[in-house]
Amino acid sequence: MHFANLTLGWMLSLAQSRLGVGPLVHNKLGSDTSSPAPPTATSYTLPPLDYSYEALEPHFDAETMRIHHTKHHQTYVTNLNAALQGNEFSSLDIDELMTRFNDLPADKKTVVRNQGGGHANHSFFWKNLTPNATALADGSPLKTGIEDTFSSFVAFQQAFEKAATSVFGSGWAWLILTDTGELRVVTTANQDSPLMGESVVGAGAAGFPIMGLDVWEHAYYLQYRNVRPDYIKAYWQVVNWEFASERYMEGRGSMVQPEPL
Ligand SMILES: [Fe+2]
């Protein structure tokens, strides 16, 4: 199936539709030119988990989950709020803030890249996990899309594991939907989000996250020590495929189909 060659604008449109706000004005490069709403008293907050810290054991241990959520993620939230206090961009939903990255003032880009990226990525990661994992259903759109792209589900898993293992230092492995409708396994460094766009994450790594794995040592060191591959293997036992499938349909649904010839 062919999709129109769109820019990251479609991801922004998706974020807006989820926020219930109207369309913004986009220039030829796909970045909107409108100003964010004035800052409000609200600030970014640590989202609660949908499960207990113990719920992912024995695959992800409770102590790591508790520290990861209440300390690491909370720190990203706290630092982001401090950095954007009084700034008009603080009114944006965190995913929209990611898609608006290139519009940020120069003196805010580094802190939003690190702290905002950390908040966006971890908020996504908690939903990407479940204690009630089931296999991705045969014949489902995402399963079919994966099989069409990678030749088989096992080949996809191998590609994902290889990518996650290959991240040098700290970063993330992702399955993304690109703006041309392609499923792709990519990695990002540190707390970079595929939503930030190619100018940040590099050619081919920008897109709409379908699933993702945190491969920072803080995500696994207490349980798995330095053996990242074992942590990556354990991840398959707690992937929330229902959430990933919803993300895939959401991403596909937000894309504009080309006019028939
Ligand atoms: Fe993390």
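Glycine is treated like the rest: Cβ placed from N, Cα and C.
Curation does not apply to TrEMBL; its annotations are automatic.
Note that this is a predicted model, so its numbers are computed, not measured.
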Legend entry - Candidates His59, His68, the one TrEMBL lists with His122, Asp214, His218 as binding Mn(2+): His68
Inset, instruction - Enumerate the residues of the same chain, His68, His122, Asp214, His218 excluded, that satisfy the criterion Cβ within 8 A of the mean position of the Cβ atoms of the recorded Mn(2+) site; list them in sequence order. - result: His69, His72, His73, Phe125, Trp216, Ala219
Inset, instruction - Provide the number of Cβ atoms within 10 Å of the Cβ of His122 (Mn(2+) binding site), excluding the reference atom itself. - result: 23
Legend entry - Residue among binding-site residues His68, His218 with least C-beta crowding, 10 angstrom cut-off: His218
